[in-house]
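Visitor: First the structure, which I've put down as structure tokens, then a few questions once you've had a look.
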Amino acid sequence: MPSQSQTIAQPNPKRWKALALLAFANFLVMMDTAIIQVALPAIKNSLGYTEANLQWVMNAFLILFGGLLLLGGRLADLFGHRRIFMWGVSILTIASLFAGLAWNEISLNVARAIQGAGSAMIAPAALSIVMILFGANKKELGKALAFWGLSGAAGGSIGIVLGGVLTQLLSWRWTLLFYVPVGILVLIMSPRLLQKGTRKVGRIDYAGAISVTAALILIVYGIVTAEHNGWQALSTLLPLTIGAILFILFILIQVFRKEPLMPLGIFRTPNLAAGNFALILLAASWFPLIYFLILYLQQVLEFEPFMAAMGMLPAPVLMAIFMVVLAEKVMAKFGMKVTMFIGFIILGISGLLFSGNTINGHYWSDVFIPLLLAALGNALAYLPATTAAVSEAKSEESGLASGLYNTTYQVGSAVGLAILGFHCCCINLRNWREPVSRSKRGLPTSVFLGWNGCISRCTFSPINCSFIKCMRIERASSFTP
């Protein structure tokens, strides 16, 4: 059986089919955070959730997913990428079965948390396999990463639509049971398309694994609860403080360990640190923009949930066109730094257009046109940022690099949404005049004021460009034709 290094030297004839399978798995992982959103009201009525506890249907998944990504990537490097990938798919499939059959709040929350743990193994292992399959040919790598990025974006957008269809036609339970047959399909196809990796010689850094996993779980927990409890609440500050202390402890452990979980030398990899920093900025801009746009469509323009989801469909379609057709060519001609800079600028312009919307806005003029620019900007920024974050990593550290990439993107999304969500609440409190029960326009007005203020904050992207421009992102000559 060929080793992973040999796989790089000799292109796998099944690599494009393997990419389709891996991108589909990434699509499923990203969809898991979106498909259940439309089903939340039905879940609340079925299982008796309170309004305050309903957030844990989402948070249970996000906390374990964000907290275990780094460990999942390292396990893939040590035990073989295909093995960890299939373990993750197996865990996700079994957990989805139990989640779909959940009988109360606790059973669903636990199953959702296990879904997050399985997804944390799938995402870094799958991306590291993509890097191994296409790492020798930078031109093919650009195309592969474009499809990879597209699968994640499509998962988030299509998940909302599919969740609405399944909930309306069948039951909220099918938003979870849906993963059982598709998970089995991925498990059947994996041995046929993915080469078996070799187990590396080395030991697991248990102290490092425990400290960083606990740190990330606590930090993500503090971030996702801050939106509801406030940044000054003890339930927010305590996990963030303990998480920060544990993360510092983790760094110290890595300095003195002979076989650390995360060799700090990985940050000397060309462009890796800069690429991850850019991903944090991109996620903190893009994810809140989409979140508040959905609120704007439903609670300001008064779209039905399904129509709001359909209104968001142009985002993945346009990103597919821009990322596959345009972004790769722009990056090949101008390099990663310039392409990323242009992407952030365009994304910022779209935010400015969104922030100028009125409470009586129209979809085609006030949503579709800015959404087109946002999709273009995100496509141009995402591809070079991802390439910078993972493309130069050594094959034996590809899982770790992929885990870092996924962790930074998830943390960036959570931080951006929590900060802007808290800001939205502050704006609403300052501008609230009468309860919804007294005024039909009370809710749309309040949501609009929060939306307008928050979406204008998403325009910090152009400011971030000055930092991106100054970062040490090297022009990759291998991407030039």
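The backbone N, Cα and C atoms fix where each Cβ goes, and this holds for glycine too.
For reference, TrEMBL lists these features for the protein:
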DOMAIN    18-481  domain 'Major facilitator superfamily (MFS) profile'
TRANSMEM  21-42  transmembrane segment
TRANSMEM  54-72  transmembrane segment
TRANSMEM  84-103  transmembrane segment
TRANSMEM  115-134  transmembrane segment
TRANSMEM  146-170  transmembrane segment
TRANSMEM  176-194  transmembrane segment
TRANSMEM  206-224  transmembrane segment
TRANSMEM  236-256  transmembrane segment
TRANSMEM  277-294  transmembrane segment
TRANSMEM  306-326  transmembrane segment
TRANSMEM  338-355  transmembrane segment
Visitor: Do at least three CB pairs under 8 A connect the transmembrane segment (277-294) and the transmembrane segment (176-194), leaving out pairs fewer than 6 apart in sequence?
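Guide: Checked: the transmembrane segment (176-194) vs the transmembrane segment (277-294), no contact.
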Visitor: Cβ under 8 Å, sequence separation of at least 6 from the ends of the transmembrane segment (84-103): give me the contacting residues as numbers and ranges.
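Guide: Counting only partners 6 or more residues beyond its ends, the transmembrane segment (84-103) has Cβ contacts under 8 Å with 22, 25, 28-29, 32, 47, 72, 75-76, 111-112, 114-115, 117-122, 125-126, 129, 173-174, 176-180, 183-184, 186-187, 190, 194, 399.
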Visitor: Residue list, the transmembrane segment (146-170) vs rest of chain: Cβ under 8 Å, 6 or more residues beyond ends.
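Guide: Distant Cβ neighbours of the transmembrane segment (146-170) are 19, 22-24, 26-39, 42, 127, 130, 178, 290, 294, 305-306, 309-310, 312-313, 315-316, 319-320, 323-324, 327-328, 378-379, 382-383, 386.
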Visitor: Find the member of 21-42, 206-224, 277-294, 338-355 that has more C-beta pairs under 8 Å to the transmembrane segment (115-134) than any other listed stretch.
Guide: 21-42
